[in-house]
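Taken from Swiss-Prot, the feature transit peptide covers 1-40. The site 'Transition state stabilizer' annotation in Swiss-Prot covers Arg117. Summarising the annotation, Swiss-Prot assigns active site, proton acceptor to His121 and lists sequence analysis as the type of evidence. Swiss-Prot lists His244 with the feature heme b binding site, giving sequence analysis as the kind of evidence. The annotation active site, tryptophan radical intermediate is assigned in Swiss-Prot to Trp260 on the grounds of similarity to another entry.
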Amino acid sequence: MASASRQILRAASRASTRTAFAPAASRGLAARTIAGRRFYSSSSEPAKASSSNLGWIAGALAAAAAGAGYWYTQNGGAATLTKPEFKDYQTVYNDIASRLEENPDYDDGSYGPVLVRLAWHASGTYDKETGTGGSNGATMRFSPEGGHGANAGLKAARDFLEPIKAKYPWITYSDLWILGGVCAIQEMLGPKIPYRPGRSDKDAAACTPDGRLPDAAQRQDHVRNIFYRMGFNDQEIVALAGAHALGRCHTDRSGFDGPWTFSPTVLTNDYFKLLLNEKWEYKKWDGPKQYVDSKTKSLMMLPADMCLIEDKKFKEWTKKYADDNDLFFKDFSAAVLKLFELGVPFAEGTENQRWIFKPTSE
């Protein structure tokens, strides 16, 4: 749980009226590590229950003694649920949030944004024409996909979640990575993101081809091609781009460098405000083409970011979100929900059975 003082500071950071170059008011549980050339931008299968009659009996007795509404088996000292419920996933959420709070040793003080990026990149490979890719499979565990340039640096996020997977072997990597993204968004004071489990893990044969994720060095034609392939429209593209309020780029991953906003641990509409209200110029350096703010030269925008104010249709939504954080949150939540569920063969009739997890700030 975050301390009361940190929660107050973070809430104040979001609620206060900011000048364009005000320093971040909060560092809390949120995080600042989105990197890799993206636009927003080796593990085993889950353990299975033992077939031992003795293990089954011991597990059943233990569950009965605990008053549990499900049975489990003992597998290497870890409980494997057969019918996990909302409360079980809330427990996993809470443990992810605790790890975010207890591990401030990553980029800018938290792993939050890199967890969002992991969930995003696991989902953003979807192709509606072939029905391949998406968050179902967690195929980034394997070298073909994990080694794609757009996924550089995401091993840190996958490794961060490994202790959670070991503690709760009943959750698939696919569901865990998305739950990690949901948790990170909410713990960084973003909107509530509805969640439903049901993803399964696949082997390396299901890895998607390289090139399905956005290239931040490109402009609106490329951006539309990538997102239209997944089934998004212009409004949803701009809403999803708002995730660039979080984290930063790294020269050793994407080649780009710097954060998009001054408060990269709190999700707000500042990204859109800065795009519209600040003057941007090409950065003078030996790296790939990117922009810096003319005043402080401490913020950056990528070519794919700039198309949100260069393209007439994109700019319309950029203005709307800059003017209305509540509207941004509403549309961002809906677009992220759609992204995280692309290509997942959920059981029929579960569309209205999504869960909302309680953040640690409540």
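Using the three backbone atoms N, Cα and C, a Cβ is placed for every residue, glycine included.
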From Arg117, His121, His244, the recorded positions whose CA lies within 10 Å of that of Trp260 (active site, tryptophan radical intermediate): His244
All-chain count of other Cβ atoms within 10 Å of His244 (heme b binding site): 30
C-alpha spacing of Arg117 (site 'Transition state stabilizer') relative to His244 (heme b binding site), in angstrom: 10
Position of peak Cβ density within 10 Å, selected from the recorded positions Arg117, His121: Arg117
Around the Cβ of Trp260 (active site, tryptophan radical intermediate), the count of other Cβ atoms that are within 10 Å: 25
Local backbone state of the residue listed as 'active site, tryptophan radical intermediate', from DSSP in three classes: coil
